[in-house]
Each structure stands twice: as C-alpha cells, then as structure tokens.
Amino acid sequence: MTARILDGNAISALLREELAVRAAALKARGITPCLAVILVGEDPASAVYVRNKVAGCEKTGLRSIKDVYPAAVDPAVVLARIAELNADPTVHGILVQLPLPKQFDADVVLEAIAPEKDVDGFHAENVGALMQGNPRFIPCTPYGVIKMLERGKVVLKGAEAVIVGRSNIVGKPMAMLLLAKSCTVTVCHSQSKDLAFHTRRADILVAAVGRARMITGDMIKPGATVIDVGINRTPEGKLCGDVDFESAKEVAGLITPVPGGVGPMTITMLLTNTLESAERTLK
Ligand SMILES: NC(=O)C1=CN([C@@H]2O[C@H](COP(=O)(O)OP(=O)(O)OC[C@H]3O[C@@H](n4cnc5c(N)ncnc54)[C@H](OP(=O)(O)O)[C@@H]3O)[C@@H](O)[C@H]2O)C=CC1
Ligand SMILES: Nc1nc(=O)c2c([nH]1)NC[C@@H]1CN(c3ccc(C(=O)N[C@@H](CCC(=O)O)C(=O)O)cc3)C=[N+]21
Ligand SMILES: [Mg+2]
C-alpha cells in the first residue's frame, strides 16, 4: 500500500484563488492589502523564503515591502523601522524573518511589532490569545497544517496527535491548535525517551525537528497521517523533510511531501492573515 499525498501546492492554489478575490474586493474599496517583510543578514534559506513570500503577495494582488539589512546592523535601526511600519496605515502585516543575528534579542523585536499587524502570530499578546482559544492571528505554519488536515478530511476529534518538536514557531502552537480540535496531544522533544514509542501511537504525526529523514517508516502507525514540517538540505544540496518519505509512504495513509507540502501552505496562511488584517480595518 502506498500513502495518499496531501499536495500543499495544489491546496495552496485553491486557497489563493479565494484570497485573490478578497484582495480585489478590498482594492475596490480603496484598500490595497500590504505585507512588510524585514530580512536581516544573508542567510540563503531565509532569502528563498522571503522571495517566496514576496512572489506570493504579487500573484495574489497584495502589495509587499521588503527591507533588507546587513547582518551587522544595529538592532535600534530595525526597531525604528518597525515603529515606522506600525504607524503606517497602509501597512497591514509586519513580519521579521527569523532567525536574527546574535546581537538581536528576538523577543524584543517580536514584542515591538504592533499586535494587530503581527501576521506571524508571534507577539506575546497573540500567543496568549491563541492559548485562551480566542486567536487574533494563528501562526502560519501550524495554521497551514490544520488547513491541510481539513482538506484531507482527516478526523481530528479524539485522534492521537503526536508532535515532534516544541519550538515557539511550530511545535507549541501546533499543539494548541490540535488540542482545540479535540485531539489527544503528545509533544516530543530532544529529551523525550523512546521517541518511536510515542510516534507509533500517532494517528496524526507532525514532524517539526530540523533533522533530515529522522522519522522512518518503522516509527509510523499503519494508516497514520504524517505531516512533515521539516525543511533540510542534504549534503548534495537537495531539499528534504524530517520524514524519510520513501519508507514512510509505504506505511502511512496520508503524507505531505517536501518540497511542495507545508512550505507553500505557510505562505498561503501568511497571505490569509495579511488579508484578514486589512479587512479588519473596515470593521
Ligand atoms: N515548512 C515550513 O513552513 C517551516 C519549516 N520549518 C522547519 O521545521 C523544522 C523545525 O523548525 P523549528 O521548530 O523552528 O526548529 P527548532 O530548532 O526551533 O526546534 C526543533 C525542535 O526539535 C526538537 N528536537 C531536536 N532534536 C530532536 C530529536 N533527536 N528528537 C526529538 N526532538 C528533537 C528540539 O527539542 P528541544 O526543544 O529539546 O531542543 C526542538 O523542540 C526545521 O527543519 C525548519 O526549517 C520551520 C518553520 C516553517
Ligand atoms: N518570522 C518568520 N516567520 C516564518 O514563517 C518563518 C521564519 N520567520 N523563519 C523561517 C521559517 C521557515 N519558513 C518557510 C517558509 C516557506 C517555505 C517554502 O516556501 N518552502 C517551499 C520551497 C522551499 C525552497 O525551495 O527552499 C516548499 O517546501 O516547497 C519554507 C519554510 C517560514 N519561516
Ligand atoms: Mg527556530
């Protein structure tokens, strides 16, 4: 048996058609939805993601602003730019690409973004709102995963969900969202004992670790839904996930590929949050 594939590019294309309609409707009312992206340094992977975000905006009818700073920039310069974007009524979303160089305290930067423009959902106020079940902006990657599960008609209520990884940007918000959907949630991390014991119990397995192909077919329950968030490069420069796709697809019932899985969905949800933010200015 071979798993059905959850195609993030195809699902994104469908969702982005609806977003383009919403963007056009806003424009007809005199509002051009606008996302500002701040990139510090020359990390090649970050540059690719930012390029995809800007291209996604263009194709969907959103305006984008891209500010690139040298890796050695004084954090005060970036904070001043954030203050300017916060005050600019034509800007609806602000995103600071992570990770930041070491002279930065990422938390200080994230807290400087106006919560009502924090389309990543990383500001403490928005994290709190998500925890309380009343989200303002749902973090884009876990939001994209939920959308993929919905499109795949995966039953969430009562399902055993196991997340590998507990970062603030993926693992933790993913746990909150699956809990809100009435999954029974287990979160694993680098100190977990016997990882495979946990993963083999999962009806829904989300891998967000950053270790190439660490989840192999023998760690997966037959028929499970496997969501691969990982974006890694092999020594040969090939893009691959945290899941060993070749062995996993023989065991799983449903699986996301890398590339073409969660990555494009993350960008689609960023566009969604930015549009939502622009629409709120009319309310
Ligand atoms: N597709 C997309 O849109 C996105 C993809 N990514 C990708 O997802 C992956 C994870 O990203 P991110 O959450 O930021 O990464 P982090 O490095 O912030 O977190 C990784 C997590 O994995 C855990 N971990 C590390 N090693 C092991 C192990 N051997 N067994 C179990 N758990 C382990 C860590 O545990 P501990 O907490 O104990 O250190 C940590 O909680 C990366 O490949 C990243 O590139 C990220 C964001 C978006
Ligand atoms: N403030 C902030 N918000 C983020 O959302 C954020 C971040 N910082 N830092 C880094 C991670 C990573 N991330 C990805 C976005 C798109 C793809 C993506 O487009 N992936 C494509 C292709 C990638 C490629 O070709 O390299 C795919 O998987 O098919 C991947 C990863 C967002 N992140
Ligand atoms: Mg991280």
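All residue numbers here begin at 1 and follow the chain in the order shown.
Any Cβ shown, glycine's included, is placed from N, Cα and C.
The domain 'Tetrahydrofolate dehydrogenase/cyclohydrolase catalytic' annotation in TrEMBL covers 6-120.
Sequence annotations record features per position, and here TrEMBL assigns domain 'Tetrahydrofolate dehydrogenase/cyclohydrolase NAD(P)-binding' to 139-280. Per DSSP, the domain 'Tetrahydrofolate dehydrogenase/cyclohydrolase NAD(P)-binding' (139-280) is made up of 53 helix, 26 strand, 63 coil.
Per TrEMBL, the feature NADP(+) binding site maps to G165, R166, S167, I231.
Counting residues per DSSP class in helix, strand and coil order gives 61 helix, 18 strand, 36 coil for the domain 'Tetrahydrofolate dehydrogenase/cyclohydrolase catalytic' (6-120).
Sequence-distant neighbours of I231 (NADP(+) binding site) (same chain, 6+ residues apart, CB-CB distance under 8 A): A45, G210, L239, G241, V258, P259, G263.
By the rule that a residue counts when its Cβ sits under 6 Å from some atom of ligand 3, the binding-site residues G165, R166, S167, I231 yield S167. Within 10 Å of the Cβ of S167 (NADP(+) binding site) there are 16 other Cβ atoms, across all protein chains. Within the same chain, residues at least six positions away from R166 (NADP(+) binding site) with a Cβ under 8 Å of its Cβ are K172, A175, V187, C188, H189.
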